[in-house]
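Asker: Submitted below is the structure of interest, expressed as structure tokens.
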Amino acid sequence: MSVYDAAFLNTELSKPTSIFGLRLWVVIGILLGSLIVIALFLLSLCLTSRRKNRKPRADFASAAIATPPISKEIKEIVPAQNQSVPAEIQVDIGKIEHRVVFSDRVSSGESRGTASASETASYSGSGNCGPEVSHLGWGRWYTLRELEAATNGLCEENVIGEGGYGIVYRGILTDGTKVAVKNLLNNRGQAEKEFKVEVEVIGRVRHKNLVRLLGYCVEGAYRMLVYDFVDNGNLEQWIHGDVGDVSPLTWDIRMNIILGMAKGLAYLHEGLEPKVVHRDIKSSNILLDRQWNAKVSDFGLAKLLGSESSYVTTRVMGTFGYVAPEYACTGMLNEKSDIYSFGILIMEIITGRNPVDYSRPQGETNLVDWLKSMVGNRRSEEVVDPKIPEPPSSKALKRVLLVALRCVDPDANKRPKMGHIIHMLEAEDLLYRDERRTTRDHGSRERQETAVVAAGSESGESGSRHHQQKQR
């Protein structure tokens with residue numbers, strides 16, 4: 001191209017056009033850029049459509065191994081196996097009517113699980129298949145359809161409990177097993193966290209004084225936990241409910257309940273590694289079977305405490321009246337916080353009073369302060385629940401009150417460990433049985449002596465009459 005042609009081309013390109021007075025070369029550049037953008041957009045649409053065509057297969061395959069996300073705070077306590085499958089777990093949560101949509105993402109380093117191919121059956125989101133073996137290696141993975149059938153569509157008539165994070169329903173599975181189904185509701189993500197905590201804390205735990213978790217359901221926005229059904233209500237209902245003038249909870253039964261709770265908590269504190277701090281010990285979380293055996297339930301707020309840690313700092317949660325003062329003030333949590341709550345619960349069982357009751361006169365509102373005052377004024381016998389049919393001996397009552405007062409010591413370091421509490425309670429139980437046996441034996445001897453005296457008297461009178469008849 002000659003110099004003249006280049007100059008002519010430059011002149012033509014520099015001429016203004018009718019499009020906002022832009023020069024010709026600018027307009028050409030805009031057109032070329034627009035064409036490139038359109039081409040890229042069409043290419044992206046093409047790639048997206050191809051991915052969507054392949055996505056259902058991938059989703060179906062991943063659904064077969066999807067499990068509830070595992071909390072970083074609660075790690076699975078299992079021995080190492082030869083083949084471990086690092087689980088980067090992400091549950092795809094869809095929108096379901098009347099349920100809040102929420103999700104939780106964890107990295108592969110936060111959770112690990114072990115499973116073999118035979119442990120996991122194919123899973124259908126529609127709920128057509130029955131419960132399958134859990135990927136976690138314990139329990140069952142129930143479908144939503146099965147749990148809805150068991151609870152009659154989660155109807156209100158089957159509601160047996162309700163809390164801030166969920167509703168508990170009574171249910172019967174197809175094999176006739178009675179279960180309690182806890183449907184967790186979302187509360188700023190707390191339901192998702194509570195689900196993971198409960199699954200990991202009590203999934204593998206087996207103790208006669210801890211409620212047994214049978215399995216769980218993860219489907220859409222639903223998070224459900226399936227427990228053994230404990231068919232005699234909870235301790236709160238039997239202490240504060242309308243049971244008449246005389247409570248069926250005798251002193252012996254109440255002491256057995258206290259001892260059962262202590263054994264369950266001792267297992268959590270001293271029988272597991274890392275130890276488990278329940279964090280919400282209260283009367284409504286103590287279930288009772290037909291033999292009045294206590295079973296600690298509701299581990300949604302539980303925390304793990306490793307052997308290398310003396311406490312864990314966390315947001316203060318629990319139930320007003322049961323929370324240890326040092327935990328409420330600092331957020332520093334350890335097993336001594338549970339022991340404080342346990343002491344409050346002992347007082348509640350003995351007195352039949354709530355930990356905090358604003359309907360009572362001034363000076364009796366706070367159970368701990370009132371009880372300390374009564375014991376200090378040598379009026380211990382007056383604190384016993386008037387509905388107890390047969391009050392305990394003074395010595396037995398004072399020993400149990402001593403255990404309760406030691407548990408609520410303001411200095412957490414002075415509170416006894418749960419194992420020590422069990423020894424004190426068992427000694428008290430033995431003492432009480434010995435006293436009752438001594439009383440019964442003493443009464444029996446008195447009755448025998450009376451019978452002997454009466455028999456001797458009758459024999460003497462009979463002999464005297466016989467002698468008089470012979471004289472006649």
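In case you wondered, yes, glycine gets a Cβ from its N, Cα and C as well.
What Swiss-Prot records for this protein is below:
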type	residues	note
BINDING	Ile160, Gly161, Glu162, Gly163, Gly164, Tyr165, Gly166, Ile167, Val168, Lys182	ATP binding site
COMPBIAS	437-449	compositional bias 'Basic and acidic residues'
COMPBIAS	451-462	compositional bias 'Low complexity'
DOMAIN	154-431	domain 'Protein kinase'
MOD_RES	Thr67	phosphothreonine
MOD_RES	Thr143	phosphothreonine
MOD_RES	Tyr227	phosphotyrosine
MOD_RES	Ser284	phosphoserine
MOD_RES	Thr314	phosphothreonine
MOD_RES	Thr319	phosphothreonine
MOD_RES	Tyr327	phosphotyrosine
TRANSMEM	24-44	transmembrane segment
Asker: Whole-number Å only: compute the distance from the Cα of Val168 (ATP binding site) to the Cα of Thr143 (phosphothreonine).
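Answerer: The separation of the Cα atoms works out to 17 Å.
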Asker: Measuring CA to CA, name the entry from the modified residues Thr143, Ser284, Thr319, Tyr327 that ends up nearest Glu162 (ATP binding site).
Answerer: Ser284
Asker: Cα of Tyr327 (phosphotyrosine) to Cα of Ile160 (ATP binding site): how many Å, rounded?
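Answerer: That separation, Cα to Cα, works out to 31 Å.
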Asker: How about long-range neighbours of the transmembrane segment (24-44): same chain, 6 or more residues beyond its ends, C-beta under 8 Å?
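Answerer: Distal contacts: 12-17.
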Asker: Find the average pLDDT over the domain 'Protein kinase' (154-431) in the predicted model and report it.
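Answerer: Taking every residue of the domain 'Protein kinase' (154-431) together, the mean pLDDT is 91.
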Asker: What number of additional C-beta atoms lies within 10 angstroms of the C-beta atom of Thr143 (phosphothreonine)?
Answerer: 22
Asker: Count the Cβ atoms, other than its own, that fall within 10 Å of the Cβ of Ile160 (ATP binding site), considering every protein chain shown.
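Answerer: 16, counting other Cβ atoms within 10 Å of Ile160 (ATP binding site).
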Asker: DSSP on Tyr227 (phosphotyrosine), three-state: which is it?
Answerer: strand
Asker: Using Thr143 (phosphothreonine) as the reference point, find which of the recorded positions Ile160, Gly166, Tyr227, Ser284, Thr319 has the shortest Cα-to-Cα distance to it.
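Answerer: Result: the closest of the recorded positions to Thr143 (phosphothreonine) is Tyr227.
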Asker: When you measure from the Cβ of Tyr327 (phosphotyrosine), how many other Cβ atoms are you left with inside 10 Å?
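Answerer: Other Cβ atoms within 10 Å of Tyr327 (phosphotyrosine): 25.
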Asker: Measure the Cβ-based neighbour count of Thr319 (phosphothreonine), defined as the other Cβ atoms within 10 Å of its Cβ.
Answerer: 18
Asker: With Cβ-Cβ distance below 8 Å and at least 6 positions apart along the chain, what are the contacts of Tyr227 (phosphotyrosine)? List them in sequence order.
Answerer: Val179, Ala180, Val181, Lys182, Val211, Arg212, Leu213, Leu214, Ser297
Asker: Please name which of the recorded positions listed here, Ile160, Gly166, Ser284, is nearest in space to Thr319 (phosphothreonine), Cα against Cα.
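Answerer: Answer for the nearest of the recorded positions: Ser284.
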Asker: What whole-number Å value do you get for the CA-CA distance of Ile160 (ATP binding site) and Thr314 (phosphothreonine)?
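Answerer: Here the two Cα atoms are 30 Å apart.
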Asker: What are the non-local neighbours of Thr314 (phosphothreonine), defined as same-chain residues 6+ apart in sequence with CB under 8 A from its CB?
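Answerer: The list for Thr314 (phosphothreonine) reads Lys303, Gly331, Leu333, given in order along the sequence.
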Asker: When you measure from the Cβ of the residue listed as 'phosphoserine', how many other Cβ atoms are you left with inside 10 Å?
Answerer: 17
